[in-house]
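Visitor: One structure is given below, represented as structure tokens, and several questions about it will come after.
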Amino acid sequence: MVYVTWAQGFKEANISTTASLKLETTLPHTLPNLSQRIFPSYVSSATLWSDLLASGLAPPSSGSQPFSSDTPATRQEAIKKWRMCLERADLVKKKVAAMGGQVGKPVGRSVGEASGQGDMSAKAGDPLDRLKSQRSKHDEAEQISILRRSSTIKRRSRHSSSNSHRHGAHPSEDNAKSLHLPLWHDADATFLTPLSSAQVEAMVVRPELSPDQRALHATWENIYNAANPFVDFAPCLSPSRTQGVTNSIKVEQGIGANCSVVAGLNVLVAHNARWGTALGLRNFVPIRIKDKGVNGNEASQVRYWRVKVFVNGAWRSLVIDSRLPVSSTTTQSLHCVLTPFGSDSQPSLESTSSLLWIPLLEKAYMTIIGSYAFPGSTPATDIHTLTSWIPERISSSGSQGFPRERTWSRITEGWNRRSLMITLGTGALVGRNGVSDARVVPLHAYAVVDVTQEDGGERRMRVMNPWKRGRTHMDDGRAWTRDLLESLAEEAEDEEGEEPSDIWWMSWDQVCNTFDTVNLNWDTSLFENTETVHGVYTGEDDSQPMSISVAAPTSGSDVWILLQRHQSTFASMTEVDDTQMKPSPQHKAIKMALQSLEDTCTGPGSRDIRLDDQGPLEYTTSTWILLQHICLMDRASLFIRPKFEIPDDIRGHDLAYTVTVYSDANIHVERRPTAYPYEQTLAVDFSGRSAGGHSGTPTYMYNPQYRIQFKHDPSSKSEALTASIRCSLKGEEKTSYNLKLVWSSGRRVTELEAQDVVADSGEYRYGQAAISKSITAGTYTLVASSFEPGKASQTSLKIDSTIPLTVLPIPQEGAGMFSRSLKGQWSGPTAAGRPSLGSYESNPRFELLVPEPASVFCRLQLASPASTSVPISIAVFRRGPSGLLKDQIATSGPYADTTSGVVTPDMHFDAGLYIIVPSTYAAKVEECFVLNVYATRRIELAPI
């Protein structure tokens with residue numbers, strides 16, 4: 001946080017502390033999950049005091065003068081309140097832990113938030129919140145470890161050290177072997193107390209100068225000079241000081257500047273001017289120096305700042321100084337410059353000086369890139385680094401299927417909500433659609449500083465070219481005197497007072513026909529919820545798949561998924577935009593893609609194996625990919641997997657990446673293991689009776705079924721009671737298969753109930769089927785089936801798990817027993833129906849001979865699925881004289897139309913003759929049926 005004055009900073013920090021104290025008073029009456037918010041509130045207050053103490057704005061000591069509303073708050077008062085917040089936070093942490101809560105991380109934040117990433121608002125009470133709370137401390141520590149390992153970027157020097165010193169470059173420019181960008185909050189402790197200038201100077205790494213800058217014998221010179229009235233911009237870091245001024249200020253591309261970066265800086269300035277924001281401005285935190293430097297001259301002392309930059313998946317800390325490249329051999333500026341252009345009120349000297357942070361922010365970005373000379377990026381990437389706003393790149397010119405109307409609607413909505421910044425880019429060819437504009441050149445970036453649409457009128461964008469006009473406007477290192485400002489303002493206007501030629505209006509249709517890309521950056525606060533997961537690709541196998549659970553009141557929720565690869569060298573920081581330029585033959589770029597799939601089956605579970613069959617992937621050399629998905633269901637399951645192609649010369653090195661998911665719906669992101677510690681493989685044979693067919697057939701129950709027990713390993717250090725499992729079936733390409741995991745305590749499933757299905761591979765699929773799921777440890781039944789009944793095939797079933805498992809085949813119904821099976825039919829007079837209709841004994845009858853006592857049960861099924869509901873039942877009677885029905889021995893119960901038919905209980909039968917009567921509920925229902933009888937002793941069955 002950057003403050004304008006000590007009083008303002010003290011007031012803001014004090015208000016936050018008071019709010020924390022009031023929040024703590026509710027602790028005894030607050031639920032444990034809500035009480036977790038008190039701890040981060042104190043931590044946030046302590047951070048405000050810390051930033052204030054580090055600002056260097058503390059007033060001189062007031063000696064013994066008592067503190068009151070009329071005297072400035074002293075530094076000692078701020079230190080006391082800072083310590084108090086830390087002490088209260090520690091006390092609250094202990095109290096919440098005693099209540100059964102946990103304050104290891106702020107509530108409603110993603111894993112990366114500890115590293116300074118964006119907010120994520122969670123909805124209490126949703127089942128997904130419980131899943132998020134189950135994320136282990138080990139997993140969070142692993143995520144932070146990945147971010148910390150991505151803090152160092154190796155430097156590949158483009159120029160020899162001798163050249164750099166001959167041209168006056170600072171030694172730290174070329175001697176640095178790497179750039180270290182610690183996580184923002186990791187670096188906080190370093191700057192709590194004042195440092196010596198030597199200590200801070202050792203942290204500074206400057207970008208390499210470009211060949212053009214070196215040719216002009218550029219040197220690094222301190223811009224802090226008492227003779228130059230615009231140099232000390234720290235007191236001016238306030239949106240209110242720049243609002244209105246930047247309406248008349250353009251950031252222009254100087255020697256060594258890059259068009260994409262300068263275009264990005266222009267839209268930052270324009271956003272601040274229009275909406276009163278402080279994008280880029282708030283990235284600076286001054287570093288307090290306890291000595292006066294080498295020369296001891298306070299007026300010319302070099303100033304230092306911590307600059308907040310979003311790199312490799314997190315906010316990080318970069319130290320810069322107040323030096324900029326200058327040359328005594330030219331009047332041209334060697335960095336981006338600020339230029340006033342025509343407006344009703346020209347910028348004042350004081351207000352313009354407050355914009356000096358812009359060339360310093362450009363220098364900070366060039367430090368990350370490594371040099372003022374680089375092939376280029378895209379403004380969306382540059383803006384994302386400076387703000388963390390979500391980047392999006394849309395191909396417009398010549399793109400078939402470009403949604404021109406929908407894109408304009410999105411742009412105007414985002415613009416009016418103050419949540420969008422826009423830049424434009426051209427490709428190698430301009431005007432290929434017959435549209436020509438002399439102001440538009442190939443391979444260049446442009447800023448959009450205004451968007452308008454009048455009622456029923458033309459849709460327009462105000463486009464700005466970051467190139468410099470005419471002569472330089474910041475030559476000889478002269479201060480911007482009032483006379484100079486006035487002369488520049490006059491030069492910026494043409495003879496008729498119209499706006500300059502490098503800032504002009506274009507219709508939306510002209511934009512689409514002229515530019516190749518529309519680059520957008522979206523405010524992350526547009527979305528209520530954000531979740532971030534960091535991963536590492538080792539190159540040995542596919543990267544880790546992930547599942548995204550989405551819970552929303554209705555279907556149609558937007559879910560944005562941003563994949564970013566971490567960059568470990570300065571060379572990899574240079575993004576090759578494959579929509580605008582092609583990499584040189586010497587440039588071997590890392591390519592990546594993002595697989596995705598929404599599970600649209602109504603059953604639970606997932607089918608991550610289908611990710612490989614979504615058709616050809618579009619790989620990009622960009623450092624990020626944005627996927628925008630509209631969910632088809634209210635409770636959706638999305639499955640994604642990053643894919644990478646790495647050149648041979650760098651293969652073997654780990655590649656870290658970050659996946660960030662944004663949505664207004666409640667979301668939960670879970671990584672799926674690619675390697676499981678436990679697995680079993682079985683051969684599955686579909687033949688004869690075991691080829692039962694799909695779940696709509698009466699014989700589905702005869703398909704191969706397995707009892708799977710997932711059991712917690714007592715010797716494991718993990719306390720997890722859940723398991724990530726994957727079951728995959730591979731068979732013949734011309735046969736389609738399905739898998740269902742059922743909560744049936746390991747018993748054979750005869751009738752499927754929707755509420756018992758834990759996971760389903762979905763529609764029958766040729767050659768294979770798979771399910772992937774996180775489940776509670778326990779015993780389940782897995783049913784494998786092919787679609788066509790009676791079709792023989794050989795398959796292989798593999799079951800993977802993160803906890804120990806045992807797999808046993810479940811015997812067929814009646815296995816180990818004697819059995820008899822007969823087919824019959826209800827037709828004509830034998831379709832007599834239920835007993836109450838008066839002709840029950842006319843139904844088909846079968847004589848059962850039980851020579852000796854045995855356990856017996858019977859199953860009655862329709863021979864094939866009926867077109868309408870046919871409730872059936874079966875009863876067993878003792879055989880009377882002349883075949884009459886005597887006492888009823890067993891029955892299947894009420895009439896039912898279940899797919900698997902009806903069955904009598906397994907019960908004891910004495911030796912003797914029995915009559916089995918199958919019947920339908922209604923009379924005159926003509927259907928074929930199958931009767932199966934099972935017994936522990938030999939039996940005989942015959943129709944009567």
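All positions are counted from 1 along the displayed chain.
Cβ atoms are placed via backbone N, Cα and C, with glycine included.
Okay, so TrEMBL annotates it like this:
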ACT_SITE  C259  active site
ACT_SITE  H444  active site
ACT_SITE  N465  active site
COMPBIAS  126-141  compositional bias 'Basic and acidic residues'
COMPBIAS  151-169  compositional bias 'Basic residues'
DOMAIN    190-524  domain 'Calpain catalytic'
REGION    102-176  region 'Disordered'
Visitor: Across all protein chains in the structure, which of the active-site residues C259, H444, N465 has the highest Cβ count within 10 Å?
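Guide: Answer by Cβ density within 10 Å: N465.
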Visitor: Taking the Cα atoms as reference points, how far is N465 (active site) from C259 (active site) in Å?
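Guide: For N465 (active site) versus C259 (active site), the Cα atoms are 9 Å apart.
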Visitor: Determine the mean pLDDT over the domain 'Calpain catalytic' (190-524), rounding to the nearest whole number.
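Guide: Result for the domain 'Calpain catalytic' (190-524): average pLDDT 78.
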Visitor: In Å, rounded, how far does the Cα of H444 (active site) sit from the Cα of C259 (active site)?
Guide: 6
Visitor: Where does N465 (active site) sit by DSSP, helix, strand or coil?
Guide: coil
Visitor: Return one of helix, strand or coil for H444 (active site), based on DSSP.
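Guide: Note: H444 (active site) is coil by DSSP, not helix or strand.
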